[in-house]
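A.B. asks: Provided herewith is a single structure, encoded as structure tokens, for subsequent inquiry.
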């Protein structure tokens, strides 16, 4: 029985057909960069203070001193959630007393913002925070909105693969694009926070499903030599492009509803792609739809100006191939032996904590000093060299050393932020971007590292479980950002410490670079400790880089 790649070898590696598929599928990922990080601007929290109604009879002096002060980042600023009791200061104002001279402000009774809030409009004209007052007692709703988006991402991760296996890659790809675009449009008409958040979770389901299915479709259509480039410099880089374009939209459109409309419209440009992106011939073959698969390959050959063989597939041969039954495996097989259980637990920790670092740094952009729009652009821009660096490192160097190295780099520079003087804001921003570079590079290497560690029998399951752990990390990440409201440095101290910790743990993984992919549990490399046993004969066998798929999310 011939391998599929051998059957279609006559098409070549990088003809017009492959280039078209590469760029169209990569371009379809750009809206994911919009939706994935749009919450930074849709749910931005501007500076705010209690509203003092104009109807309250206060002198200009008392009106200026109606809000208590607090120390924040070394300076005195008005409190966001408290004001002096209006009835009391109105009496003082009527009596002609002056604040600070005749009245000790520290002794005055305070009250909550009973008349709402006044929001600073220098950065945001309107967000879901200002529209539904998600501040003070309700400030927990803002990180919950982001977390529930990633809960939707987690659910989408569950169903996208199964749906594409059942109904086909192409149909599910465009159906999930429609879900992402359609529900984003419906979000514009949200009447309350609850409606917005539920719709946002559904958008998250569509977003990750679109990403995963586009990734699967591309890796199944493209040749072996192009797949790794597609998985890193293709889909990941185009995601970063969408991420970089997001602050450009947000800068010119400061109202959250109009911004969401502008971010939704590019999804409509994906509709014409239906007539250019074919179904996966591999999937059609798995469904025994040989004639349709052969028709797609014939069109590809014509586009590449190649004369295809008269009979591309031998139906009997392929039917025999598809009739082979794979041994059933369950999740407990990832804990069957002490060695594989240890690797699984460490892999789950590696994925989850790396994901926490990546998304917390991305979502924390509004808390950085300087212009939020420029900082968001830089946060997306730094991902491009990070993906390119990961691709270069994966080609030539041992996996555990390069992953640990970029994690040490990322965590180390984040820990340095606490020693930077407050006046050197540009240095802090630079360190944050360098930290994002390290964490992003590590994140983009995890698929290839995990896939190389596990034997063929449980490889897909292992990648799926660890990928799910990264979704859990993304759900937790908004609460790391939330801690910044209490202490500006606390998120960086926690992220830096956890990133360095997981970098240390990475050094105890077995090495997979240049090692034959294991086929069973006995062939798996052993976890490294203080004593290293003698390597097995299998582990000493060297080969070219195996056929592994890489993705960043």
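A Cβ is built for glycine as well, from the same backbone N, Cα and C atoms used for every other residue.
Remember, TrEMBL labels are computer predictions, not curated facts.
According to TrEMBL:
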DOMAIN    88-514  domain 'Major facilitator superfamily (MFS) profile'
TRANSMEM  20-43  transmembrane segment
TRANSMEM  172-190  transmembrane segment
TRANSMEM  196-217  transmembrane segment
TRANSMEM  229-253  transmembrane segment
TRANSMEM  259-277  transmembrane segment
TRANSMEM  340-360  transmembrane segment
TRANSMEM  372-394  transmembrane segment
TRANSMEM  401-420  transmembrane segment
TRANSMEM  426-449  transmembrane segment
TRANSMEM  461-483  transmembrane segment
TRANSMEM  489-509  transmembrane segment
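I'm curious about the neighbourhood of these features; can you describe it?
C.D. replies: Panel annotation: around the transmembrane segment (20-43), residues 124, 127-129, 134, 142, 145-146, 149, 173, 177, 180-181, 184, 200, 203-204, 207, 210-211, 214, 217-218, 221-222, 226, 230, 234-235, 237-247, 249-250, 256, 259-260, 263, 266-267, 270, 273, 276-278, 303, 362-363, 365-366, 372, 376, 380 of the same chain, lying at least six beyond its termini, place a Cβ under 8 Å from a Cβ of the stretch.
Remote same-chain residues near the transmembrane segment (196-217) are listed as 25, 28-29, 31-32, 35-36, 39, 128, 141, 144-145, 148-153, 155-157, 159-161, 163-164, 169-170, 172-173, 176-181, 183-184, 186-187, 190, 231, 235, 239, 277, 280, 549, 551, 553 (criterion: CB distance under 8 Å, separation of at least six residues from the stretch ends).
If one looks beyond the transmembrane segment (229-253) by at least 6 residues along the same chain, the residues whose Cβ comes under 8 Å of a Cβ in the stretch are 22, 25-27, 29-34, 36-38, 40-41, 211, 214-215, 218-219, 222, 259, 262-263, 372-374, 376-377, 379-381, 383-384, 387-388, 390-391, 444, 447, 549-553.
Packing against the transmembrane segment (259-277) from elsewhere in the chain are residues 20-21, 24-25, 28, 30-31, 34-35, 38, 41-42, 170, 173-174, 177, 180-181, 184-185, 187-188, 217, 246, 249-250, 253: each is 6 or more residues past its ends and has a CB under 8 Å from a CB in it.
Remote same-chain partners of the transmembrane segment (340-360), defined as residues 6 or more beyond its termini with a Cβ less than 8 Å from a stretch Cβ, comprise 150, 333-334, 403, 407, 410-411, 435-436, 439-440, 442-443, 446, 450, 453-454, 458, 462, 465-467, 469-474, 476-478, 480-481, 491, 495, 498-499, 501-502, 505-506, 508-510, 521, 524, 527.
Within the same chain, residues 33, 37, 40-41, 44, 123, 228-229, 232-233, 236-237, 239-241, 243-244, 246-248, 250-251, 361-362, 365-366, 402, 406, 429, 433, 436-438, 440-442, 444-445, 448, 545, 550, 552 sit at least 6 positions outside the transmembrane segment (372-394) and bring their C-beta atoms closer than 8 Å to a C-beta of that stretch.
Sequence-distant contacts of the transmembrane segment (426-449) (same chain, six or more residues past either end, CB-CB distance under 8 Å): 231-232, 236, 350-351, 354-355, 357-358, 361-362, 364, 368-370, 375, 378-379, 382-383, 385-387, 389-390, 393-394, 399-400, 402-403, 406-411, 413-414, 416-417, 420, 463, 466-467, 470, 492, 495-496, 499, 509, 512, 548-553.
If you look at the transmembrane segment (461-483), the same-chain residues 6 or more away from its ends with a CB under 8 A from one of its CBs are 139-140, 142-144, 146-147, 150-151, 153-154, 157-158, 161, 329, 331, 333-334, 344, 347-356, 358-360, 363-364, 367, 443, 446-447, 450-451, 453-454, 490-491, 494-495, 553.
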